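So that you can see what the record holds, here are the features copied from Swiss-Prot:
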COMPBIAS  294-308  compositional bias 'Basic residues'
COMPBIAS  311-325  compositional bias 'Gly residues'
DISULFID  Cys124-Cys202  disulfide bond
CARBOHYD  Asn19  N-linked glycosylation site
CARBOHYD  Asn33  N-linked glycosylation site
REGION    246-347  region 'Disordered'
TOPO_DOM  1-51  topological domain 'Extracellular'
TOPO_DOM  77-88  topological domain 'Cytoplasmic'
TOPO_DOM  115-124  topological domain 'Extracellular'
TOPO_DOM  148-168  topological domain 'Cytoplasmic'
TOPO_DOM  192-207  topological domain 'Extracellular'
TOPO_DOM  232-379  topological domain 'Cytoplasmic'
TOPO_DOM  408-420  topological domain 'Extracellular'
TOPO_DOM  442-462  topological domain 'Cytoplasmic'
TRANSMEM  52-76  transmembrane segment
TRANSMEM  89-114  transmembrane segment
TRANSMEM  125-147  transmembrane segment
TRANSMEM  169-191  transmembrane segment
TRANSMEM  208-231  transmembrane segment
TRANSMEM  380-407  transmembrane segment
TRANSMEM  421-441  transmembrane segment
Amino acid sequence: MASPALAAALAVAAAAGPNASGAGERGSGGVANASGASWGPPRGQYSAGAVAGLAAVVGFLIVFTVVGNVLVVIAVLTSRALRAPQNLFLVSLASADILVATLVMPFSLANELMAYWYFGQVWCGVYLALDVLFCTSSIVHLCAISLDRYWSVTQAVEYNLKRTPRRVKATIVAVWLISAVISFPPLVSLYRQPDGAAYPQCGLNDETWYILSSCIGSFFAPCLIMGLVYARIYRVAKLRTRTLSEKRAPVGPDGASPTTENGLGAAAGAGENGHCAPPPADVEPDESSAAAERRRRRGALRRGGRRRAGAEGGAGGADGQGAGPGAAESGALTASRSPGPGGRLSRASSRSVEFFLSRRRRARSSVCRRKVAQAREKRFTFVLAVVMGVFVLCWFPFFFSYSLYGICREACQVPGPLFKFFFWIGYCNSSLNPVIYTVFNQDFRRSFKHILFRRRRRGFRQ
């Protein structure tokens, strides 16, 4: 991934003129200074007030990014609802965003405000490598997540059995290795001592082939993969929803089957937030199942007692004795406690009823859990689609304008301030994922509240 620091340097050069070591004057991956030029800092391009304002805004962005992504990591590792193996991808993605905010953004801000590189040649190479690695890993993570979503939709049973935490962790390691393979070789193989500049600069290779290959390999190709995968996911989910609605789901007045907020269709029996919906009228809720069982058992015992009392009443009637309702009721209680054949029959029938009800509850609970899992999978797919869409929207302006610069150079170069805005919007993406999780996912929202307010209440108690 081409470093946004290069975009900053290009924008500074465009604004400062030919003496500012612009893109055409810089080489790749190093700190430059003119052989006979002064090493003193250049005249600042921002006023003191502008420097303070930009530092405050970017400082808030850094803190917000770190806090939000730390909350994501804590939520996934501590919340039972978020402990699914696939959420480890979000932990790794949040870690990359935290590293961007702590190891890249502060130096990009300093480079922008000072208009030259202050931190030396060694850290310039480290900074460029980390910048490219973290930003590339973000989009490779999203590609891996999209493939995970695709396999979980098309091979639900088989893939979910194979998707263990160990396999997910191995995939995450592979994602970081792929990102390193994409990021580091250009920084190492293309290093050369750059030409003279008015003051130290830190930037990547400026050759056309490198700009285009880095943009394609680090952004446009992964975006194409993600788009195709999610289009396939949508088609498969839509086809399954239509099939299920034709077989089982009731059709509304307008002929449309009920769907969830993500358009993928709701699993039957799954509530809005993935919890089991209340059962139909002829099926009692789980919380009253014990009371229902007791009522059925008492009814069975009463019926057995009445049958026995009726038999005894018939014999007594022959002797001139009748059996009223009280006797029948008494017989029911006696039958339920007596060791005779009738009592044994009543106890056996109550055991059979209890066994039947327990099997029915277990089956209903299993179906409920399966539908909850399906609903959560759909919500997770939708949230990740939003994450990918926001990522593309944030980074597309930078990569598009950067590619244009690589093709036609100054003829296609956008104004310097606009170019700076584009690459800082890309950095802002690192702070948006926690916001997306909070807005679109109730499990994350509940977990964030639990983490923040539980600790606050503990502080008040102490």
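Using the three backbone atoms N, Cα and C, a Cβ is placed for every residue, glycine included.
Taking every recorded stretch in 52-76, 89-114, 380-407, 421-441 and counting its Cβ pairs under 8 Å to the transmembrane segment (208-231), the highest total belongs to 380-407. Taking residue pairs at least 6 apart in sequence, the transmembrane segment (421-441) and the transmembrane segment (52-76) share three or more C-beta contacts under 8 angstroms. Within 10 Å of the C-beta of Cys202 (disulfide bond) we count 29 further C-beta atoms, all protein chains included. Around the Cβ of Cys124 (disulfide bond), a 10 Å sphere holds 23 further Cβ atoms from the protein chains shown. Confidence in the topological domain 'Cytoplasmic' (232-379), given as mean pLDDT, stands at 55. Cys202 (disulfide bond) falls within a strand segment according to DSSP. Away from its own ends, the topological domain 'Cytoplasmic' (148-168) comes close to residues 85-86, 88-89, 229-230, 232-233, 236-237, 377, 380-381, 384 of its chain (Cβ-Cβ under 8 Å, at least six residues beyond either end).
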